[in-house]
Amino acid sequence: MFDPDELEEIREAKAEWEDETLGPTLDRFGERKDEFTTDTGGNVVERLYTPDDADVDYDEDVGFPGEKPYTRGVYPTMHRGRLWTMRQYAGFGTAAETNERFRYLIDNGSSGLSLAFDLPTQMGYDSDAMMAAGEVGKSGVAIDSLDDMETVFDGIDLGDVSTSMTINAPAAVLLAMYVALGDKQGVPREELRGTIQNDIMKEYIARNLYIFPPEPSMRLITDIFEFCAAETPKFNTISISGYHIREAGSTAAQEVAFTLGNGIQYVQAAVDAGLDVDDFAPQLSFFFNAHNNILEEVAKFRAARRMWAKIMEERFDAENPKSMQLKFHTQTGGSTLTAQQVENNVVRVAYQALAAVLGGTQSLHTNGKDEALSLPTEKSVRTALRTQQILAHESGAADTIDPLAGSYYVEALTDDIEDEAFDLLDEVDDRGGMLDAVKNQWVQREIQDVAYERQREIEEGERVIVGVNEYQVDEEPTVEVQEVSEEEERKQAESLEARKDDRDEEAVEAALADIRAAANGDENLLPLIVTAVKAYATVGEICGVLREEFGEYEPGMA
Ligand SMILES: C[C@H](C(=O)O)C(=O)SCCNC(=O)CCNC(=O)[C@H](O)C(C)(C)COP(=O)(O)OP(=O)(O)OC[C@H]1O[C@@H](n2cnc3c(N)ncnc32)[C@H](O)[C@@H]1OP(=O)(O)O
């Protein structure tokens, strides 16, 4: 981008500055530390960045919003045209309580819904299963049958909202329920908007809520890609998630590398199954974390967009621009919240949200200040949402596109993260691809090594966490805790029993038998699962059949 002569002049001028201006100051005052590093990974942060550090080719590396390589954003107008979706993750207790929280969020200006499921649902068990005891409705809503979905969305027109569902191993079943509910409400399938997380790879790596082994899991995912391309073209079929990888302690570059690596794995599986890349790739979406180091995070988002465009074009020969556009949701970093001085978390969340917006996010969840302690209360959810609204309407951060482009530091850091992440992806390829690298625990070990080092730095005081290892005060947390009563579990099991007594048992049996047969063949499972959920077959029953046919994953399984 810069004229070589000009760069040489800058280099010389910098050397002169170091000698004449900087030198005497350093002799008198020194600097706070011998070495400054980024938030993660220990990348050295230089004192000063000049055009010499960020010698980007504008066309090739930066470009324009809505054009390759999408470094500056996937839409031509970005947040000037439409603000990001303010999508607060919610769901607890019964379907009715979750419906109430959803309506509260909509009334307060939330522009998208995001459904959290309880652990039994995420593991494919019904609320009356032995495995579910003590967990029903605890960390999300319990969904057993279509009844519960109907209640969650009571009074909410699926044609008017976009809904994210954080569901992975049983994603096909919950998607089928959403489609079935849309059919019941009379919403054309092609109008349904939303996202299922459906990202099993990161469950194997970091989140641990898997059911089936990798091969049938990949088949389910591919079936979803194919079904949605034909039936629900506005629905995002997957949310390939770096969030949990980062929460497990990865660096920013690892977060990008392993997330895109998982993306490569899914695309390859679908292409191998005979799907055309440009038919399904526009419906892929991503999910990243936002931690406290604002500039590193902005660079991370920019690097991820540029990399995905290259990967899709060069590795998969994608031609549709939408296949190359990395659209992503961001959640502020749960692991950065502290139980000490809980109100400090509001500030952390605001910085993280700023990074996400400056980085061009499409959708954002801001954590409640109390999320390190419990489910967030209604009031802390409101403050979290207001944080986004202040950012949108008062901060000016949404008024121009990719405002940090051209910052010598941010461009250099974008390059660094890209280089580091591509190196990691090369190593993944050498190890036979993401699936093998995960099965052999290499990916997990890479992350653990970094997480361990970071923890050591905190414990030894090398890394300051405000209120935790410095600036402590002697006080008990005074946060109000959102409780979920045991009573909910009993009520949920009772309504499930009532539904099982009041359905066409033959229709359920027939639908489950069809799913069993298809699990052993190659017919797309989705239409069959839609038929089953319409007959009120439950999550546990459908996943039970698939468990029997597919088996269950165990870590280290070859
Ligand atoms: C931690 C926790 C756990 O472990 O439990 C979790 O996982 S929580 C995980 C929670 N996960 C989530 O909440 C994931 C959320 N993800 C998403 O919402 C999606 O995947 C997303 C990232 C692609 C965002 O989708 P979205 O619908 O909100 O936003 P989009 O960017 O797609 O925009 C919606 C529509 O507006 C259009 N649009 C948007 N911006 C513009 C613009 N500037 N100019 C013109 N059009 C625009 C888009 O083209 C699209 O229309 P058209 O479609 O017609 O093109």
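Cβ atoms are placed via backbone N, Cα and C, with glycine included.
Automatic prediction, not curation, is the source of TrEMBL annotations.
Owing to the predicted nature of the structure, the values given are computational and were not obtained by experimental measurement.
Annotation source TrEMBL lists compositional bias 'Acidic residues' at 478-487. Here TrEMBL flags 488-502 as compositional bias 'Basic and acidic residues'. Under the heading domain 'Methylmalonyl-CoA mutase alpha/beta chain catalytic', TrEMBL lists 42-552. Feature annotation from TrEMBL assigns region 'Disordered' to 1-41, 478-505.
Using DSSP to sort the residues of the compositional bias 'Basic and acidic residues' (488-502) gives these counts of helix, strand and coil: 14 helix, 0 strand, 1 coil. Counting residues of the region 'Disordered' (1-41) by DSSP class, helix then strand then coil, yields 26 helix, 2 strand, 13 coil. In the predicted structure, the domain 'Methylmalonyl-CoA mutase alpha/beta chain catalytic' (42-552) carries a mean pLDDT of 95.
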